[in-house]
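One structure is given below, encoded as structure tokens.
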Amino acid sequence: MRLSVRWVFFLGFFLCALMLAIAGYFQFVENLEPCPLCILSRVAVLAIGGVFLVAALHNPKSWGIKVYALLGFVVTLIGIGITGRHVWLQSLPADQVPACGPGLNFMLDNFPLTETLELVFRGSGECAEVQWSFLGLTIPGWTLVAFLFLGVISLWQMGRTGGGAGKLT
């Protein structure tokens, strides 16, 4: 049994939706406030999920599959960069952690976008704080694993041909 291209794009979308639901649970139920890098990670997940959903609904053929998969892969690389930086910040010794900076909303309101992004990627103390872990991985660690999986899905889709109308064969 072989999954159609459409179903694989839906699978990628549902993984992104699950990731955002888990992020919402942590924020609104467990009261874990997201740091600026967490928010950027969510934006990347939302973008990848959007690409996968549009691809699944469009059900492209041949080159269209490759275009959507390439777009998803590029956004996945951005997500890997964001979460990789976040994991690195969390692995720093306490004396090397950058000082806490202003919140993302404050930076967006008061600084140009380029300066805001530079400050966010430089990182701050709040981004280095480990608030939760499971099986030895923090939230950014699990997010990095998910981005890697989404990247594999994108690469796999690039190598496939034919869409099919949602068939499992």
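Each position is counted from 1, following the chain as shown.
Using N, Cα and C of the backbone, Cβ positions are placed for all residues, glycine too.
The model shown is predicted, which means the values in this text are computed figures rather than measured ones.
According to Swiss-Prot, the feature topological domain 'Cytoplasmic' maps to 1-8 (among others), an assignment based on sequence analysis.
For 9-25 (among others), the entry in Swiss-Prot reads transmembrane segment, with the evidence type sequence analysis.
Among the features that Swiss-Prot reports, topological domain 'Periplasmic' is placed at 26-43 (among others), with the record citing sequence analysis.
For Cys35-Cys38 (among others), the entry in Swiss-Prot reads disulfide bond, with the evidence type sequence analysis. According to DSSP, Cys38 (disulfide bond) is assigned to a helical segment.
For 44-60 (among others), the entry in Swiss-Prot reads transmembrane segment, with the evidence type sequence analysis. Within the same chain, residues 5-7, 9-10, 12-13, 16-17, 19-20, 23, 67-69, 71-72, 75-76, 78-79, 82, 143, 146-147, 150, 163-166 sit at least 6 positions outside the transmembrane segment (44-60) and bring their C-beta atoms closer than 8 Å to a C-beta of that stretch.
As annotated by Swiss-Prot, topological domain 'Cytoplasmic' applies to 61-67 (among others), with the evidence given as sequence analysis. Per-residue pLDDT, averaged across the topological domain 'Cytoplasmic' (61-67), gives 87.
Tertiary proximity for the transmembrane segment (68-84) is limited to same-chain residues at least six positions away from its ends with a CB under 8 Å from its CB atoms, namely 9, 12, 37, 40-41, 44-45, 47-48, 51-52, 54-55, 58, 60, 140-141, 143-144, 147-148, 150-151, 153-155, 157-158. Taken from Swiss-Prot, the feature transmembrane segment applies to 68-84 (among others), supported by sequence analysis.
If you look up Swiss-Prot, you'll see 85-141 (among others) marked as topological domain 'Periplasmic', on the strength of sequence analysis.
Positions annotated as disulfide bond by Swiss-Prot, on the basis of sequence analysis: Cys100-Cys127 (among others).
Among residues of the same chain six or more beyond the transmembrane segment (142-160), those with a C-beta under 8 A of the stretch's C-beta atoms are 5, 8-9, 11-12, 15-16, 19, 41, 44-45, 48, 65-66, 68-70, 72-73, 76-77, 79-80, 83-84, 86-87, 134. Under the heading transmembrane segment, Swiss-Prot lists 142-160 (among others), citing sequence analysis as support.
Annotated topological domain 'Cytoplasmic' per Swiss-Prot: 161-169 (among others), in sequence order, evidence recorded as sequence analysis.
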Q) For the transmembrane segment (9-25), what are the same-chain contacts with Cβ under 8 Å, counting residues 6+ beyond its ends? A) 3, 34, 38, 42, 45-46, 48-49, 52-53, 55-56, 68, 72, 143, 146, 149-150, 153-154, 157
